[in-house]
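Student: Take a look at the following structure, please.
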Ligand SMILES: Nc1ncnc2c1ncn2[C@@H]1O[C@H](COP(=O)(O)OP(=O)(O)OP(=O)(O)O)[C@@H](O)[C@H]1O
């Protein structure tokens, strides 16, 4: 087990540690600080260690490095050994040491580093300790330890503070300087504990009361820790120096004969370095997606430890002259050192059993020898030949230590605490941000609410003010303009009368000319038809005689008879058709005659009513009116009816031929205009046929004339009910909805207006859409239509009023409920006198019932009533309006409120 030695000039090299390549400068290399040194990398069979074989270590091999340092002769040795040469001779350049056996013989040893008595503290640190410190900074554990005889400079090498001369600073001070320079105290931490092992008791040099600290071993990792030791955070070098001074003060030092300042305990400085390193993304998922909210890196923490051990002196007891308590101390020291020696021997020899548990020192240094730490050992020796034995023993200790192989392993783990702290901070920030946003949103909503409320109030206020102003203004303007209008009306009436005379004359001339040409054209057609009929009759006669011939027994076969029969049937059908056409033409002729007669009469009478009345009359006469011709003769249309027969005419209403159908319906309409015919038409099913025409035919003209005929029939109360029973209101409503032609709308509106005058039909008219249909016809804006609508409304209002005063009906007017009031008010002052009169009457009827008063006030009808009471040209209506105004409490109150006299 002994180191290689050179005897009798033979050079013997030290036995190389098992499993490691020796390199002369092996203190220097620094381990790669890569995280790849972590779990999962290179695996090799573990060498023996103080703690036994590694079970789960992965790492890189790292042999214990050993340097030898020679102390210069002290003052005593300079005197006492003045005549003697040093017991050692150093060859630093080849890292060898010669230990003299005598004047001619020496043993030679190789070390990792050979430090002469002239080696500066700086150099010692750099070649021995600095690589270890760098490893610690990279995340590995590290140990720097001194071993040697009392007084050979162990404490000098490690613990000098350099108070007087900074060049004297020892390894502890320099190591801390480097550590502080490398770490970031914002994220990293340095903590220190300082202990001494004295007579197998671990004492806290930073807190001497704490004098029995236990060693705790992690059963899984085998890591050794001293949880009872004081841990002090180091923030700066000064702070550290104070701690060292404090520790030194507490370190027990007993005087011995050999060294008045001899350390009687093993001093252990532990520097814990905890460094944060960025790891991989903490929230990475298998497919690489990450949380969109929080993406911190998974923090890794490297926890490493630098252990600096200043062993007590390894002198021989008999030499030291120890006795009593000091002897006990010496025994204890020797015991622990010899336990360390034994362990190192066992490790050096790769022995199966390493007696770690023999002393607390070996338990504490379990990781430093054969463990995971990078370890540097400095063996200190003195030059005195008197202590050659101790020197030799120290050298051999160093040689054996060089054989110990460690497996360096990075101490890295996830910093869950830090991660949790970071996440908590982030969460707090998010919560605070969320609360801030929520508050600002709530504030904003509140502000918007307040603002909108104030705007709404302002708008309401402005609106009310504007409304009030406008009302007053209108009232004033109204009163003022009444007079002006009166004046204008008088002058307009005079002018219109003059213009109307001119217009009527022009129109009559045009109509007369057009009717004359139409009459002569129809006459020609009739003559042609009569000629054709005569020819047809002649042909029938010829065919009849031919048939008689063929019926003779000698006639040719049945085929010819059949053909002739067919011809005969066809001729008969043709004949009927010609007859129908003749009827139609005759009816047209009669109509034309009637129109011409009437026009002529109008012109002769010089009927100078307004153009509307005249046009209406002409048009009505064309379509539906059939009156006495003034000379007592029956109208031609009645004669036609007698000639052809009403039943026959009604049959023609269903003719397939559109032209015949149109002429037939015109004839029926003319007949229906005569009161004496109305009952006959209805009895013969004419009403049903006319309604059928409304239902079936798309042709607008047919529907227009049919509606006109129905309107004529609807003048009779019995017929009105029949029309309703046969669904006439619905059909008239549909016709009104689809019609474009104002004349069609006029006919429909006229028919409905007639129905509106029937007390019994009020509700039905409403429920079957009659009132809506009537109001709908105003869309065309034609005065004829408006006139019919106004008439219908007046009829309806009159019926309602009658029923209400009889107590049969109560409640709001159906006209108001159907939304007729705005139209009534809007057209109440229409320039057309018939329209105006009808509406004025309707308003008076509506106003007679208090239940309608409120709607009339809000709808503006009150003002129209006031106007009617003042301006209406008809005295009866004027009086009626006044009566209603004075009898209605609602009207009275409103007029009082508006300060209007009536
Ligand atoms: N390399 C050196 N250069 C100059 N003086 C030294 C050197 N080494 C040691 N000394 C001096 O030698 C004396 C003893 O040194 P030191 O106390 O460090 O020895 P030690 O090995 O720690 O002894 P002990 O084991 O008894 O504590 C001290 O006065 C110290 O200053």
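Backbone N, Cα and C define each Cβ position, glycine as well.
All TrEMBL annotations are machine predictions without curation.
The shown structure was predicted, so the numbers you read here are calculated from the model rather than taken from an experiment.
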Student: When you get a sec, could you say which of 561-595, 596-630, 631-665, 666-700 is annotated coiled coil by TrEMBL?
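Tutor: Among 561-595, 596-630, 631-665, 666-700, the range TrEMBL annotates as coiled coil is 561-595.
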Student: Taking a cut-off of under 6 Å between Cβ and any atom of ligand 1, tell me which of the binding-site residues 149, 151, 153 pass.
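Tutor: List returned for ligand 1: 151, 153.
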Student: Please spell out the DSSP helix, strand and coil residue counts for the repeat 'ARM' (644-686).
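Tutor: Secondary-structure breakdown of the repeat 'ARM' (644-686): 33 helix, 0 strand, 10 coil.
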Student: In sequence order, which same-chain residues at least six apart have a C-beta under 8 angstroms from residue 154 (ATP binding site)?
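Tutor: Looking at Cβ-Cβ distances below 8 Å from residue 154 (ATP binding site), excluding near sequence neighbours, one finds 146, 147, 148, 263, 310, 311, 313, 378, 380.
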Student: Look at each of the binding-site residues, 148, 153, and point out the one with the fewest other Cβ atoms around it within 10 Å.
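Tutor: Fewest other Cβ atoms within 10 Å, among the binding-site residues 148, 153, is found for 153.
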Student: Restricting attention to the coiled coil (561-595), give the mean pLDDT.
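Tutor: Over the coiled coil (561-595), the predicted model scores a mean pLDDT of 72.
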Student: Have a look around residue 149 (ATP binding site) and count the other CB atoms within 10 A of its CB, chains all included.
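Tutor: Here the count is 27.
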Student: Over all shown protein chains, what is the count of other CB atoms within 10 A of the CB belonging to residue 152 (ATP binding site)?
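Tutor: Here the count is 28.
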